[in-house]
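Here is what TrEMBL says about this protein:
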type	residues	note
TRANSMEM	106-131	transmembrane segment
TRANSMEM	186-210	transmembrane segment
TRANSMEM	269-286	transmembrane segment
TRANSMEM	298-315	transmembrane segment
TRANSMEM	351-371	transmembrane segment
TRANSMEM	383-402	transmembrane segment
TRANSMEM	422-440	transmembrane segment
TRANSMEM	447-464	transmembrane segment
TRANSMEM	484-507	transmembrane segment
DOMAIN	503-626	domain 'STAS'
Amino acid sequence: MIWTWIKAAPRTSLTQRGWVKCGRHISVECICHERRCNDGRTKAKQSRAKRNVTLMCSVPRLKSCMLSSVPVLSWLPRYSLRDNAIGDLISGISVGIMHLPQGMAYALLAAVPPVFGLYSSFYPILIYFIFGSSKHISVGTYAVMSVMIGGVTERLAPDSNFMMYVNATNQSMVDVLARDTERVKVAAAVTFLSGLFQMLLGLVQFGFVVTYLSEPLVRGYTTGAAIHVIVSQLKYTFGISPKRHSGPFALIFTVIEVCYLVPETNIGTLVVSLVSIIGLIMVKELNTYLGKKLPVPIPVELLGIIIATVISWQVNLEGKYGVEVVGEIPSGLQPPVMPTASLFGQVIGDAFALSVVGYGIAISLGRIFALKYGYKVDSNQELIALGLSNSIGGVFQCFAISCSMSRTMVQESTGGKTQVASALSAMVILVIMLWIGALFEELPKAVLAAIIYVNLHGMMKQFMDIPTLWKSNKVDMLVWVATLILTVLFNPDIGLAASIAFSMLTVNEIPGVVIFRSSATLYFANAEMYQDALAEKVRSQELLCTTQAYFDKLAKRLSCFAYILLCAYGERDRHYSSENEVEKGVATVEEGSKPVSTLPRAIILELSPVNFLDTVGVKTLRNVSRLYALISILLNRLTCSASSPRSFSPSFSFSLSLSISSDKMPKCNVAKMRDTIQAK
């Protein structure tokens, strides 16, 4: 598959600059001049170095680079107190209140003391505030990331490594302090390394990797990871201590172990769990029912942990009924400590999986809100922002973070318009860590497990994707189900790799197709460059292919974009002359007796950014149609621009007479188009 991007210059400019992408190859910068002498191409290449030195060393270029690398410098000076301050303040306090119970609960998933969940809700948020490009997402602790961290910490620091013999009772018990200290080191090491991976991927412009994480794959994966989360919390719900299992089918072995230990359930812990779950669900349903009437949602998790802490302190649940509580929560902040480098070799695979999963979840949610509010999220900058958040967070003994759907929805619904809301939520966590945290030492862990269960109900609703996908796309449904099964049977990291591999196997390649896209409208200033780029890319490729997934996506977008299909096939096979040079960017063709295998069978011009055509643009498309033996033009209704159909109508006739108007346009059958290409 070939994508060619041409970034248009202003109409008054004499220099055209842009980036051309081809497949997986690195982009090549092109500089084309509208006025060329006889050897214009040679002179343009000779002057390239001088121009690049001037551009690269200019102050405006340095300023632009700085603003793109540190986005807060571009939007914070223009921050409107009148328009945004009140909404961001309310949103920041609301989200900060959510960070407290979720941070402590997800720390249990990561198998580290709850206070480290509060650290992970403070440092990374401040870093993302500076370097993030999304205005609405709320980064911090996330269930899927936490359970992946927990798998690493329990594997490298299991309870069996910290058993000690107690003479008074003649029994062996776990040295909890030594175990937790080692697990914090493991969590910090894998988090630091995952941040380095994300920064490296961002610096090499690897943001496109998220395209391999399709929506069915992500939703199936998060559903499978949610099942891992639920199973990992059963020990806190029943008050039992099952053995930890690792490797393939570990979840099944854990469920069997839990079922075996059910008769040993602590009744007090089970009662606390059931009451907490029922209470949380009831208040959340009340939130939903009164959602339009309440200015701010009821902070159900905060109320839950406050009430549970007071009851536990007054009744002495730990002493009388053996209910496990959070324990000591130190006040203040931890000093920075470099992660243990000796652990990097043991967690490198887990770190890479964390970096990809965390980025995929954050960029997916970020793009949803960017599309809703009309701004752009830079995928590579998001990688760098998340990488810095995790790597710096690892130095401060945090565990890996990503974006939370529940907190993001609250941040957006309560009026948050910028990342100032996130910074304010971090200030709320800072106050809690400095002065309030010690008050929650009597909080039962069963309540935190209940909070996790209730917050996962949205992921459990994703099972309803199966009947929907069955009706719309059975291949996507197969990817969803296979991803779920692979994630449940294997650990989340191995399951992700296996799911991506399976998803790639479902891709059906269609050879001989070129997809050519211009990122600007087609007019006199870039018409010649458009022909140059198209001719060069068609000639330079030995094998051109695209995927069935693109045609499926094309079918969905045809309601608002125009596409032209130019097919080079028929009784008169054509090929390019290797001896003829391109004159003025227009390739020449000649008839031959045998087809050339290196030529495409079809060329798709994606004209979504083309909102008008001048006479030069129309002539350019006519030249392209003659060069590549126009067979058919496929257009659909142009709802994105009311003026576009009228701009195309008078001159867009070619050899096939099509009546193109704003209300009557030929419908195109993409499936038939695909079958026609394959048949040829």
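Cβ from N, Cα, C; glycine included.
Annotations in TrEMBL come from automatic prediction, not curation.
Non-local neighbours of the transmembrane segment (298-315) in the same chain are 94, 97-98, 100-102, 104, 272, 276, 279-280, 283-284, 286-287, 323, 325, 439-440, 442-444, 447-448, 450-451; each lies 6+ residues outside the stretch with a CB under 8 Å from one of its CB atoms. Of the Cβ pairs linking the transmembrane segment (484-507) with the transmembrane segment (351-371) and spaced 6 or more residues apart, 3 or more are under 8 Å, so the two regions touch.
The listed stretches are 186-210, 383-402, 447-464; of these, 383-402 has the most Cβ pairs under 8 Å to the transmembrane segment (106-131). When Cβ-Cβ distances under 8 Å to the transmembrane segment (186-210) are tallied for each of 351-371, 383-402, 422-440, 447-464, the top count falls to 383-402. Of the recorded ranges 383-402, 422-440, 447-464, the transmembrane segment (351-371) has the largest number of C-beta contacts under 8 angstroms with 383-402.
Sequence-distant neighbours of the transmembrane segment (422-440) (same chain, 6+ residues past either end, Cβ-Cβ under 8 Å): 88-89, 91-93, 95-97, 99-100, 103-104, 114-115, 118-119, 121-122, 125-126, 128-129, 138-139, 305, 309, 326, 329-333, 411, 416. Looking just at the domain 'STAS' (503-626), the mean pLDDT is 57.
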